[in-house]
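Following: one structure in structure tokens, then a few remarks.
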Amino acid sequence: MAKAKFERNKPHCNIGTIGHVDHGKTSLTAAITKVLAETGGATFTAYDQIDKAPEERARGITISTAHVEYETGNRHYAHVDCPGHADYVKNMITGAAQMDGGILVVSAADGPMPQTREHILLARQVGVPALVVFLNKVDMVDDPELLDLVEMEVRELLSSYQFPGDDIPIIKGSALCALEDKNPEIGRDAILKLMEAVDAYIPQPERPLDRPFLMPIEDVFSISGRGTVVTGRIERGEVKVGDEVEIVGLKATSKTTVTGVEMFRKLLDRGEAGDNIGALLRGTKREDVERGQVLAKPGSITPHTKFAAEAYILTKEEGGRHTPFFTNYRPQFYFRTTDVTGVVSLPEGTEMVMPGDNVSMQVELIAPIAMDEGLRFAIREGGRTVGAGVVAKISQ
């Protein structure tokens, strides 16, 4: 059977369901596919198909994630749903499933619970741009005042983590009613209302191509009579012959001009996000550039050594450490293409971090790295991955 061609006639957006265990994330995911299947925007995927998500390995970490896709009148969506709480933590920290927005599912019968908080905090720390709330299981709550109370509680919780709690759309409904074709006003209609809110409220992500040029340097060559060539895969933006670029990280930032772009040994006039290229740099010596630096549009990114991070520490079974670590732990932090040693400081009240924990921590690197908030990294000991993290806030 021929593979269906992926039609790219609508803007694409990546979203996911987050929230406390048993509040109905997977039922909601199934309900969205069921309701949108009526108009041909999805293939109905039943609860048990989503629930037995296959295991994937991202950066050496095992994560179970279910992927479904669907479309509304406005957009094409890739939607991720994880069976277990630990899978969410790993997914959000490693960025294995990039989220342009999230649907926070809260059971109206229980209100916000510990993992509701933790997922909102993670969404804030890893930079999920926007959330929409589905207040699920409203068929189990008879008292409308109670519903209003839960809604208020959710809004306050969102605001306490710097999300615009007063403005975030909260849709009340029942995923189960939608799946069982009961009470359309809280079933099918609520799902359609939710998708309208997702369409309208979650901003369309900027395509990598439209962002300022950045290429992590993987290798450096000297070509006699022509100069120095750096190679790598363009992460974002585009580069043209004649563009001025900065070399950022590890040493003092320097400026140069791209005098040639080649791909597969052919000369091009430009390279764009996703391309593996070689860039010829004017007047740059072979020893001025090294793997681990980046080539970037001038002024678009700066080098830093100190930042706050959110990290997940692998279990022994995942190939991680067998023992806890403490403040002043000194592993290597692997950013893009290179390892840099750094010192970890744990927050007040955290004595130690056990394998399998996720933790907020401060890091100080021994050499500066070009970074933005949201940049992912691996934590390594002698080339072995023992954790994964994301830059939450740059301090210096």
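Note: Cβ is positioned from N, Cα and C throughout, glycine not excepted.
Keep in mind the model is a prediction, meaning the values are calculated, not measured.
Listed in Swiss-Prot:
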- 19-26, 81-85, 136-139: GTP binding site (BINDING)
- THR26: Mg(2+) binding site (BINDING)
- 10-206: domain 'tr-type G' (DOMAIN)
- 19-26: region 'G1' (REGION)
- 60-64: region 'G2' (REGION)
- 81-84: region 'G3' (REGION)
- 136-139: region 'G4' (REGION)
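Feature map: annotations from Swiss-Prot on the structure.
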{"residue": "GLY19", "record": "GTP binding site", "DSSP (3 states)": "strand"}
{"residue": "LYS25", "record": "GTP binding site", "DSSP (3 states)": "helix"}
{"residue": "CYS82", "record": "GTP binding site", "DSSP (3 states)": "coil"}
{"residue": "VAL138", "record": "GTP binding site", "DSSP (3 states)": "helix"}
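The Cβ neighbour count for VAL138 (GTP binding site), using a 10 Å radius and every protein chain shown, is 23.
Cβ-based neighbour count (10 Å, all protein chains) for HIS85 (GTP binding site) stands at 14.
Per DSSP, the region 'G2' (60-64) is made up of 0 helix, 4 strand, 1 coil. Applying an 8 A CB threshold to same-chain residues 6+ apart, the list for the residue listed as 'Mg(2+) binding site' reads THR17, TYR47, ILE50, ASP51, ALA66, ASP81, PRO83.
Of all the binding-site residues listed (ASP22, LYS25, CYS82), ASP22 has the fewest other CB atoms within 10 A of its CB. Over all protein chains present, the Cβ of GLY19 (GTP binding site) has 26 other Cβ atoms lying within 10 Å.
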